[in-house]
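Right, one structure below, let's go through it.
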Amino acid sequence: MICRVAQIRRCAGSLSQTINQVAASRQKHTLPDLTYDYGALEPHINAEIMQLHHSKHHATYVNNLNVTEEKYQEALAKGDVTTQVALQPALKFNGGGHINHTIFWTNLSPNGGGEPQGELMEAIKRDFGSFQKMKERMSAATVAVQGSGWGWLGFDKENGRLRIAACANQDPLHGTTGLIPLLGIDVWEHAYYLQYKNVRPDYVKAIWNVVNWENVSERLQTAKK
């Protein structure tokens with residue numbers, strides 16, 4: 001009996017060590033580099049906004065996500081369900097912030113604007129009637145976000161259709177609605193206030209001039225697989 005207890009203790013110790021090793025080896029999230037300079041989207045989004053938005057706001061989400069995940073791994077190792085549950089809001093907020101912004105930067109380009117081509121344009125015409133109607137509907141939904149949040153063009157894989165949605169705060173589109181994100185517009189005030197003050201519609205109107213339709217098209221192709 002004593003030998004069996006000792007064996008159980010050794011197994012438990014080994015399991016705990018394994019969990020700790022996995023947690024220690026977990027690759028931390030990092031702030032993605034931009035493929036363009038902070039000032040490259042001017043005059044539509046100025047350099048000061050881009051620098052603060054990327055190097056401060058997004059970086060904060062990344063840092064907080066790493067800290068929260070570390071605490072969550074510790075709670076898992078201890079079997080502390082109460083702490084695991086308590087950490088869920090922070091995981092959602094900071095994880096969503098990291099996911100959303102990582103998409104956002106690639107959705108923008110100094111060579112953007114204009115209209116999409118090919119399959120994406122055909123899908124837009126099929127699901128919204130015209131490109132202009134899609135822009136109007138997405139702009140209206142994005143401007144109408146109460147407080148802070150995002151406007152999205154997403155892909156409904158089940159029905160094979162494009163859909164427009166809005167999410168509060170940093171709620172990730174896929175985890176919240178099931179839609180696969182193609183194009184996101186950040187309407188937290190830090191995304192536009194230094195340049196557009198409280199006139200959110202002007203910011204939303206301007207951002208269409210730097211939308212990277214090639215990236216949106218690539219996302220659609222990936223979403224359909």
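Placement of Cβ uses the backbone N, Cα and C atoms for every residue, glycine included.
Unlike curated records, TrEMBL annotations are generated automatically.
It should be emphasised that the depicted structure is a prediction, and the values quoted were computed from it without experimental measurement.
The Mn(2+) binding site annotation in TrEMBL covers His53, His101, Asp186, His190. Cβ-based neighbour count (10 Å, all protein chains) for His190 (Mn(2+) binding site) stands at 14.
Summed and averaged per residue, pLDDT over the domain 'Manganese/iron superoxide dismutase N-terminal' (28-109) gives 98. Feature annotation from TrEMBL assigns domain 'Manganese/iron superoxide dismutase N-terminal' to 28-109.
Summarising the annotation, TrEMBL assigns domain 'Manganese/iron superoxide dismutase C-terminal' to 116-219.
Ranking the binding-site residues His53, His101 by other CB atoms within 10 A of the CB puts His53 at the bottom.
Cβ neighbour count for Asp186 (Mn(2+) binding site) (all protein chains, 10 Å cutoff from its Cβ): 25.
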